[in-house]
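S.K.: Annotations per Swiss-Prot:
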- 84, 183: heme b b562 binding site (BINDING)
- 98, 197: heme b b566 binding site (BINDING)
- 202: ubiquinone binding site (BINDING)
- 34-54: transmembrane segment (TRANSMEM)
- 78-99: transmembrane segment (TRANSMEM)
- 114-134: transmembrane segment (TRANSMEM)
- 179-199: transmembrane segment (TRANSMEM)
- 227-247: transmembrane segment (TRANSMEM)
- 289-309: transmembrane segment (TRANSMEM)
- 321-341: transmembrane segment (TRANSMEM)
- 348-368: transmembrane segment (TRANSMEM)
């Protein structure tokens, strides 16, 4: 009998082992769809981004008008741009759900997979930030100025570092050029990191909603989960295309329709919605260095999660107190997101400060304590 090329060919064998014959737990729920959705998001963003880059000019005098030209004069340029801009939002929606799933079901106990995932999140955040600067509108310019300026809080080398990043003494043409180069490069880095992420995942196999070893009950990835993933793609593309076609500017800032002007500061400088929770934490501390450290900690805290797991059970499926705490954390993040979009005045300042303290308290203090408490409850 001739050998099956799918199982013998050096390249196809790898594809087969990760997408076709991959043994998968039979009980993984729709929360496990977001990984593949992130892959689709990445491919969509790279494709639309490549098409946009063909019509974009990375120069301060031409960037804004080149984006306008793409939308007005390029065949379906408006659609490509709208899909790319809103695709970024969906990318972040998916990654936040994906991280939430990992937190809830204890997937972080696969430490290598979790850590590469956090690095992926940081790279994605960097990519989205440099990408937001490219249209060279008011919010692009001032966002770049404010966020890069945060590095000046680093003692001793801060100011030098910022001027080195800018390529001058303010955000200008060199900054835009290098941000475009970075925005082109980073998605391919994300693609490479994704392969490492998957390599680590396939070492251990997928986790499942019960958090127990599922080797005795695994099914092939294809056709069961390929079909389930296609359903997921459809359910994601539907709202994405609806948003891109009917209300493409819903999530954007109107300020970005004004070309960048270093002489006029917008009344409210704020990032895109997916960074607002971190921005709120940054603003909550009335000290530059303290704020920057809290901002960094708000994301880097994810690296600590595996070490703070004190429960005997892996998932929260049978841990009601931890579940309650988890949903309080979700609500807290939504409050931070809302506060980040509001002006810096009473009562938003105190709400932001309380929500910031709550965020770190839940993750660093309450989760381990409740985990240990639930271990005690198992004895009764």
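Every residue, even glycine, has its Cβ placed from backbone N, Cα and C.
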S.K.: Residues of the same chain, at least six outside the transmembrane segment (348-368), with any C-beta under 8 angstroms of its C-beta?
M.R.: 280-281, 283-285, 294, 297-298, 301, 304-305, 308-310, 322, 325, 328-329, 332-333, 335-336, 339-340, 342
S.K.: Could you state the CA-to-CA distance between residue 197 (heme b b566 binding site) and residue 84 (heme b b562 binding site) to the nearest Å?
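M.R.: Their Cα atoms are separated by 24 Å.
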S.K.: When only pairs 6 or more apart in sequence are counted, do the transmembrane segment (78-99) and the transmembrane segment (321-341) reach 3 or more Cβ pairs under 8 Å?
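M.R.: Taking Cβ pairs at least 6 residues apart, the transmembrane segment (321-341) and the transmembrane segment (78-99) are not in contact, as fewer than 3 fall under 8 Å.
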S.K.: Taking only the Cα atoms, work out how far residue 84 (heme b b562 binding site) lies from residue 98 (heme b b566 binding site), in Å, as a whole number.
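M.R.: The Cα atom of residue 84 (heme b b562 binding site) is 21 Å away from the Cα atom of residue 98 (heme b b566 binding site).
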S.K.: Which residues of the chain, 6 or more past the ends of the transmembrane segment (289-309), have a CB below 8 A from one of its CBs?
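M.R.: For the transmembrane segment (289-309), the list is 99, 103, 106, 108-109, 111, 114-115, 118, 121-122, 125, 150-151, 153-155, 277-279, 281-283, 356, 359-360, 363-364, 367-368, 371.
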S.K.: Which residues of the chain, 6 or more past the ends of the transmembrane segment (321-341), have a CB below 8 A from one of its CBs?
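M.R.: Contacts with the transmembrane segment (321-341): 100, 103-104, 270-271, 273, 275-281, 283, 311, 348, 351-352, 355-356, 358-359, 362-363, 366-367, 370-371, 373-374.
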S.K.: Counting only other Cβ atoms and using a 10 Å cut-off, which of the binding-site residues 84, 98, 183, 197, 202 scores lowest?
M.R.: 202
S.K.: Measure from the CA atom of residue 98 (heme b b566 binding site) to the CA atom of residue 183 (heme b b562 binding site) and give the result in Å, rounded to a whole number.
M.R.: 23
S.K.: About how far apart, in whole Å, are the alpha carbons (Cα) of residue 98 (heme b b566 binding site) and residue 202 (ubiquinone binding site)?
M.R.: 17
S.K.: So which of 34-54, 114-134, 179-199 is most in touch with the transmembrane segment (227-247), counting Cβ pairs under 8 Å?
M.R.: 34-54
